[in-house]
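Asker: As annotated in Swiss-Prot:
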{"type": "TOPO_DOM", "residues": "1-9", "note": "topological domain 'Extracellular'"}
{"type": "TOPO_DOM", "residues": "31-56", "note": "topological domain 'Cytoplasmic'"}
{"type": "TOPO_DOM", "residues": "100-107", "note": "topological domain 'Cytoplasmic'"}
{"type": "TOPO_DOM", "residues": "129-149", "note": "topological domain 'Extracellular'"}
{"type": "TOPO_DOM", "residues": "171-175", "note": "topological domain 'Cytoplasmic'"}
{"type": "TOPO_DOM", "residues": "197-215", "note": "topological domain 'Extracellular'"}
{"type": "TOPO_DOM", "residues": "237-246", "note": "topological domain 'Cytoplasmic'"}
{"type": "TOPO_DOM", "residues": "268-278", "note": "topological domain 'Extracellular'"}
{"type": "TOPO_DOM", "residues": "300-360", "note": "topological domain 'Cytoplasmic'"}
{"type": "TRANSMEM", "residues": "10-30", "note": "transmembrane segment"}
{"type": "TRANSMEM", "residues": "57-77", "note": "transmembrane segment"}
{"type": "TRANSMEM", "residues": "79-99", "note": "transmembrane segment"}
{"type": "TRANSMEM", "residues": "108-128", "note": "transmembrane segment"}
{"type": "TRANSMEM", "residues": "150-170", "note": "transmembrane segment"}
{"type": "TRANSMEM", "residues": "176-196", "note": "transmembrane segment"}
{"type": "TRANSMEM", "residues": "216-236", "note": "transmembrane segment"}
{"type": "TRANSMEM", "residues": "247-267", "note": "transmembrane segment"}
{"type": "TRANSMEM", "residues": "279-299", "note": "transmembrane segment"}
Amino acid sequence: MSQGRGKYDFYIGLGLAMSSSIFIGGSFILKKKGLLRLARKGSMRAGQGGHAYLKEWLWWAGLLSMGAGEVANFAAYAFAPATLVTPLGALSVLVSAILSSYFLNERLNLHGKIGCLLSILGSTVMVIHAPKEEEIETLNEMSHKLGDPGFVVFATLVVIVALILIFVVGPRHGQTNILVYITICSVIGAFSVSCVKGLGIAIKELFAGKPVLRHPLAWILLLSLIVCVSTQINYLNRALDIFNTSIVTPIYYVFFTTSVLTCSAILFKEWQDMPVDDVIGTLSGFFTIIVGIFLLHAFKDVSFSLASLPVSFRKDEKAMNGNLSNMYEVLNNNEESLTCGIEQHTGENVSRRNGNLTAF
């Protein structure tokens, strides 16, 4: 019964994670449509400090869509492993890229289409090989996991690294090195996902009628989540303000997801009972998503489509045929000139002989 319940929860979490990606990916399109609508009306743009978007219903629809996506993502952690939910967040980028090509007339080149396909394949592989059962079901179990020596050492190291990056490395190299602010967001993000996971369990217990609000861990997790998310937003905005978005997005996804997977492996031990083939499959799916996200962002400004391939082949073929024709013409000209030369030389010899005979 417990095993069947675990699989049932897994598929609920999977559905919530995928619906979250659809809502969040669609929210960017709705917001963008609203902002473009305001720009056509001549209103002051948001980038110039304007707030006219607050009167645009499309922008509010995008905000509500994003809120629904975040709620679904939050709930997904209560049912499915973080190893599955976090990497599936890449699907929101994919949804946004596909919808923007249809509704915003933004071209999705061949590299982007291949990237989308790879992201879908990688996500499918991760769904197949991700752990199906969740070990932690109560806050008491969560508190025992948080007190595990392995996680205490990991958490201590993460806090030390984050503090060094924030107070020592950041002020010196944050403006020039893209990895500084992204690393801060990523290592702190590992804690935020763990807090979300714990709060999701607390909400499940609350609906079951248990006195969760009296448990100090629930409030500690809530406070930690607020601190972690505030720090993440602060340093992610700094990275986006200084560096190119097409570079920040894939690097942040890789660093953040790697931190979450590492934290989940240590705290929840989701990988402990996984067969070797499932571990390899999960990692393969993750790296496939990374390649897909890289192709989607790194070459998004390159004008290259499927129609470009046969054109280039035809150009090469024409060039080759042209070269062969030129060579043929040159050979013909050489033959003709050689023939004319021989005939002329023969004619001169004959006329000389005739002249000699006449003189004789």
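Any Cβ shown, glycine's included, is placed from N, Cα and C.
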Asker: Just to be sure I understand, if DSSP states are collapsed into helix, strand and coil, how many residues of the topological domain 'Cytoplasmic' (237-246) fall in each?
Answerer: 8 helix, 0 strand, 2 coil
Asker: Just to be sure I understand, if DSSP states are collapsed into helix, strand and coil, how many residues of the topological domain 'Cytoplasmic' (171-175) fall in each?
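Answerer: Result for the topological domain 'Cytoplasmic' (171-175), in helix, strand, coil order: 3 helix, 0 strand, 2 coil.
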Asker: Short question: most Cβ pairs under 8 Å with the transmembrane segment (79-99), which of 10-30, 108-128, 216-236, 247-267, 279-299?
Answerer: 10-30
Asker: Using a Cβ cut-off under 8 Å, which residues of the same chain at least 6 positions beyond either end of the transmembrane segment (247-267) come close to it?
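Answerer: Here the qualifying positions are 81-83, 86-87, 89-90, 93, 145-146, 148, 150-151, 154, 178-179, 182-183, 185-187, 189-191, 193-194, 236, 239-240, 286, 290, 293-294, 296-298.
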Asker: Are there residues at least six beyond either end of the topological domain 'Extracellular' (129-149) with Cβ under 8 Å to its Cβ atoms? List them, or say none.
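Answerer: Sequence-distant neighbours of the topological domain 'Extracellular' (129-149): 3, 6-7, 9-10, 79-81, 83-84, 197-198, 201-202, 204-205, 212, 215, 217-218, 267-271, 273-274, 277-282, 285.
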Asker: Six or more residues beyond either end and a Cβ under 8 Å away: which residues meet both conditions relative to the transmembrane segment (108-128)?
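Answerer: Sequence-distant neighbours of the transmembrane segment (108-128): 14, 84, 87-88, 90-91, 93-94, 97-98, 100-101, 281-282, 284-300, 302-306, 308.
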Asker: Near the transmembrane segment (176-196), which residues from the same chain, at least 6 beyond its ends, have a CB less than 8 A from one of its CBs?
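Answerer: Same-chain residues near the transmembrane segment (176-196) but 6 or more away: 74, 77, 82, 86, 155, 158, 161-162, 165-166, 169-170, 221-222, 224-225, 228-229, 231-232, 235-236, 238-239, 242-243, 247-248, 251-252, 255-256, 258-260, 262-264, 267.
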Asker: Quick one: DSSP breakdown of the topological domain 'Cytoplasmic' (100-107) into helix, strand and coil?
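Answerer: So the counts come to 4 helix, 0 strand, 4 coil.
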Asker: DSSP on the topological domain 'Extracellular' (129-149): how many residues come out helix, how many strand, how many coil?
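Answerer: Per-class counts: 10 helix, 0 strand, 11 coil.
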Asker: When DSSP states are grouped into helix, strand and coil, how many residues of the topological domain 'Extracellular' (268-278) land in each?
Answerer: 3 helix, 0 strand, 8 coil
Asker: Could you tell me what the rest of the chain brings near the topological domain 'Cytoplasmic' (171-175), counting residues at least six beyond its ends with Cβ under 8 Å?
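Answerer: The answer is 181, 238, 242.
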